[in-house]
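For reference, Swiss-Prot has these:
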BINDING   101, 143, 147  Fe cation binding site
ACT_SITE  144  active site
């Protein structure tokens, strides 16, 4: 089922999400939420989605793609379901990059993010996940996990000369919503 995506200004996006409780692991309810999130993400051409964006207060993010029309120059990111994540930078190197968000439609901005990270958490059955990521993969993970602490990417922008409407900044980029 395609779910509605909350938009910036909805106070539910500002909440800190609690961890997915142990009793939900492996449940049909959790699997339905994950299936709905993937269907929703694909429907709008996104590269990631966090449960709070669909109004569910849980530490759950999904991300991954082979090729993205929204980010045509980005390298592929493996499809991942990540619960109760922890992100640790593995170097102090920070990289600026353009970001958009399904909850901030039609806009893009340059956001600084750690270039190299380790992310940990669990999968829907409770098995541990421990991965290293860099570049766009690291950016996507950090962006999605920000939603779990009630943070949207515009709050991380340092130069508002590099923030605006996608259609103005990137004419001809075909995206249904940004």
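Every residue, even glycine, has its Cβ placed from backbone N, Cα and C.
For the recorded Fe cation site, residues 101, 143, 147 set the reference point as the centre of their Cβ atoms, and the other residues of that chain within 8 Å of it by Cβ are 48, 50, 53, 99, 102, 103, 144, 146, 152, 153. Annotation for residue 147 (Fe cation binding site): same-chain Cβ neighbours under 8 Å, separated by at least 6 residues, are 13, 17, 50, 52, 53, 61, 103.
Note: the Cα of residue 101 (Fe cation binding site) and the Cα of the residue listed as 'active site' are spaced 9 Å from each other.
Annotation note: residue 101 (Fe cation binding site) sits in a strand segment as assigned by DSSP. Within 10 Å of the Cβ of residue 144 (active site) there are 26 other Cβ atoms, across all protein chains.
Taking Cβ-Cβ distances under 8 Å and a sequence gap of 6 or more within the same chain, the neighbours of residue 143 (Fe cation binding site) are 48, 99, 101, 111, 113, 153.
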